[in-house]
Amino acid sequence: MGIAFFTLLVLVVQYELSYDAFHQSADRTYRVVEIIDTQDIGERSASVPIGLGPTLKTLYPNYIDQSVRFFNHQAYSHVISISDKKYNENHLYFTDDDFFKVFNFPLMEGDKETALSEPGAVVITKELAKKYFGEKSALGKKILYEKKHYLKVTGVIDKDNCPSHLDFEILVSFSTLLITNRELFYKEDWVWNPCWTYITLKEDVQPEELEADFEILLQDPTKFPEYLRDYVELYLQPIQEIHLYSDLDFEMSPNGDYMYIYIFSAIAIMVLLIAAINFMNLSSVRYSTRVREVGIRKAIGANQTELINQFIVEASILSILSMFGAIVFLELLFTFVQDFLSNSGFVLRDADPQNLFLLVGLSGLFVGALSSFYPLFYLSGFKPLEGLHDTSPKGYQQKRFRKWSVITQFIISMFLLFSTYVAKRQLDFMKDSDIGFKPENIVMIPMGEVRFQSNNFERLKDKFASLPNVESVTGMDEVLGVWVQNYPYTFIKNDKKLPSAFFASIVTYPEVFNVFDFQVLAQNQRNANDIPSREIWVNEKFIHFMGFETPEEALDLKVYTYYGYQKISGVLKDFHYEPIHKPIEPFIIDVNNKYRLLNSFSNKFLALKIKKGSNWNILEKQLELKWTQVVEYRIMDTFFLKDKIEDTFKKEEQLAKVSLIFSIIGVIIANMGLFGLSSFITVRKNKEIAIRKALGMENFQAMIFVSKEFFVLVGSACLVAWPTAYLAMKLWLDNFPKAVNIDIGAYIFSGGLTLLMTMLTVSYHVVKTGIKNPVEDLKAGV
Amino acid sequence: MNAPLIQLLNINKAYKNVDDDTQALHHVTMNIHEGEFVCIMGPSGCGKSTLLNIAGLLDLPTEGEVLFKGENVVKISSRKRAQLRRDYVGFVFQSFNLIDDLTVYENIELPLIYQQIPPNERKLRVEKIMDQLQISHKKRVFPNQISGGLQQRVAVARALVSNPQLILADEPTGNLDSERGREVMELLQMLNEMGTTILMVTHSTAASDYASRVVHLFDGQIVTENLHKGR
């Protein structure tokens, strides 16, 4: 069981470590990332301006072999139609024709050389090919993109054995953007940075050499605007490190975390160690019953080497048997664990048999070697008489050894339980934390390309707002509470223009204050006839950032907008505009009162506040009806803001789950060993208890007497497990901006549960000993 | 004659084995009166120890009644029997049955702990009995560090420390040489003379000479009973 669980965890870890390692030039491939740092705020962006990739390739031909961009209009989803069926696809990217030169995703159909070279070419994954065309070949088939552009399938990719942070399902040739004329529109924009851009360096080029030369590009007056130039830095990020180490703004998809690899590896090793100790313990008990046999063998002339050989053969047979057991167990568990991990971000891939056998073999060998080591040398080193008389002082050594091994198991399982408790508490704490507004009953509707179509946005908004169960509707450029954009703003303080800085912000409409229940700390008064075109609201962190003491002081601050200078409209109490994992920074709510249509690029989402207690199934149908009255070609997507926020806890949730399951497994394995030990200890105590009973000890006193020994074992384990687990969890909690205190509950949970399990495990032997008739044991010899 | 301390009425005791049952005692009826020194003799396997254990409330008969000071102990709880044992009975075993992990002093103190005697009084009583049996100089040593004769003396001290009305002795001289055996028997005789009832199982005729009554068992049945004057 231990070997099986160890193998499963190692498979998960192996998979995590293998991300993007399959590309032929993986060690030379880097993602270009952009850090904008203005007065300690700004963004650390995983994506860069559209023009950067080709510019780099032209500017540094001696360093760079290939460059590939991914671009998705920063849209939540895109509409793909196949005859009368419509799909909203979340993983569609436009990409350069060098894609297959940099990335080695295998093509099941199509030609890598030409697949993405023509405008209108599209490559899809085999899953999508099946979804769109069933079992028929997808090659050459047409799909309709956003109602008006036909794309031709030029390739089908099999991503099955290609763990990658690139989470595409549809790749459209970048040159397709020429048809839609969008690239012409975007390419000279060096502020907007929507392109994930990868380069492959030439064989002997070090990334530092290129990074050092970026300065030439950064100071080019035709590229980054002057106000940004001094604050931008470009870096190269090794592609193989992205999945585990990158946590930038605007990642293509949520990444993994190296911390979890450490945690999983530690859990795997602990589970294996518990199993090994158990095996060692049980085999030492088994061998101790053979002391006499060893004595006889030695008396008739066996030497130590012969005995060691005998034990090695026996231990090997046992290990091999346990390996077979582990493989059977693995087979049984595999699908269960796969299901358990699905949607968690962690993957348990079907392992190739070679890898599986290697893992099981190595761990089995480790368990076998460790478990036979002690008994082997202990028994083979016996003097024959000691064996024959069976009263050697080594019996005490063995007893002590067994106790220590059980204490070690307790330490490990208690450590796991302690960690589980703290992880769960931290998770609950984050989930229950007041994020500064109530996300319940807020429904988000992604607009897709619909946002660009004349007054659709206004019409939809009004139609939705007319429904009785909809309280209010607003639009916004991103999903407040989950992810937001950064935009440059210029403030004027004491008549002095401050340098432009990139602030986290949301572009929205006045109804945002009806949909979200923000707490207003200060507000500029204005009369009804003088509503500004655009209002800038800020948070508390912002006023501290600007050096003000009170929210009211900040109301005199002016901001420069496209529409001229205007005062800050108001100050809001801090709230989590992004997941609680991230600290709150200065934040701006950019409210547009007029010119909605001009700002249609920001209308990516509609946010609806629905009435509490309204029937969602009915309401969804009503919304759909309204939606189809305005938009024909796109299906309405919806999600609850609360769910999206909870999704951000997936990793922590999974960690809590995984550590709970493995702690339980650890405890079960440890208790299996304890069961054996308890039989050993109680048998040893039988005689003493019989004597004590003859002297007047009662049954329950006998039970307490036997249990005492196990209390001591658990107690000793606590002394080591608690401080170690405390330090480890403190280290983990330091990663969070807000963390729980490790309270008494962690100690009670880990200690109490271990004690309870121990008592349940030993109770059989304790009760048996407690109620046993003492006569039997009194008869036994000295 | 004094009132019976223990009455065994028509006792049967059977042990279940895999293939058949072993009948250890057959319809045994006997009384042990206060102040008596009764010795049970017989060949190995005749049921002597079984009889002793039943009389000492360590074991229960399969059938029949055991009255201890007039109370039927077969019907009472194991807890009540444990109380009776610690209040009235002291045991001396052939193999001494001392606890190896406890010192001589702690071994002797043990019955008083179960009687919940306060520590001060325990100390007085343990020291007194150790003085009487001349083992005070060994109080801090462990049983396996002293001779068999001394170990049996410690076992007797442990049986006596709670001033029991009844001492059950199972082959008390079995593991001792004749000199040490004699010393232990004289000790038991002295206790009997001071009023303690003694029920002893032995193979040794020398030991049985100290008893006032000798009961012979054969195949689980009483075959003869002889009254002795003792030496």
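Cβ atoms are placed via backbone N, Cα and C, with glycine included.
Copied over from TrEMBL:
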- A:2-215: domain 'MacB-like periplasmic core' (DOMAIN)
- A:266-381: domain 'ABC3 transporter permease C-terminal' (DOMAIN)
- A:661-766: domain 'ABC3 transporter permease C-terminal' (DOMAIN)
- A:259-280: transmembrane segment (TRANSMEM)
- A:311-336: transmembrane segment (TRANSMEM)
- A:356-379: transmembrane segment (TRANSMEM)
- A:404-423: transmembrane segment (TRANSMEM)
- A:660-681: transmembrane segment (TRANSMEM)
- A:702-724: transmembrane segment (TRANSMEM)
- A:744-767: transmembrane segment (TRANSMEM)
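Between the transmembrane segment (A:660-681) and the transmembrane segment (A:259-280) there are 3 or more Cβ pairs closer than 8 Å, counting only residues 6 or more apart in sequence, so the two stretches are in contact. Using a Cβ-Cβ cut-off under 8 Å and counting only residues 6 or more beyond its ends in the same chain, the transmembrane segment (A:744-767) has close neighbours at 410, 413-415, 417-418, 421-422, 425, 667, 671, 674-675, 678-679, 681-682, 703, 706-707, 710-711, 713-714, 717-718, 721-722, 725-726, 729.
Counted as Cβ pairs under 8 Å, contacts with the transmembrane segment (A:404-423) are highest for A:702-724 among A:259-280, A:311-336, A:702-724. Same-chain residues lying 6 or more positions outside the transmembrane segment (A:702-724) and placing a CB less than 8 Å from one of its CB atoms are 403, 406-408, 410-412, 414-415, 418, 674, 678, 681-682, 685, 689, 692-693, 747, 750-751, 754-755, 758-759, 762, 765-767, 769-770. Taken together, the residues of the domain 'ABC3 transporter permease C-terminal' (A:266-381) have an average pLDDT of 72. DSSP states for the domain 'ABC3 transporter permease C-terminal' (A:661-766), grouped as helix (H, G, I), strand (E, B) and coil, give 92 helix, 0 strand, 14 coil.
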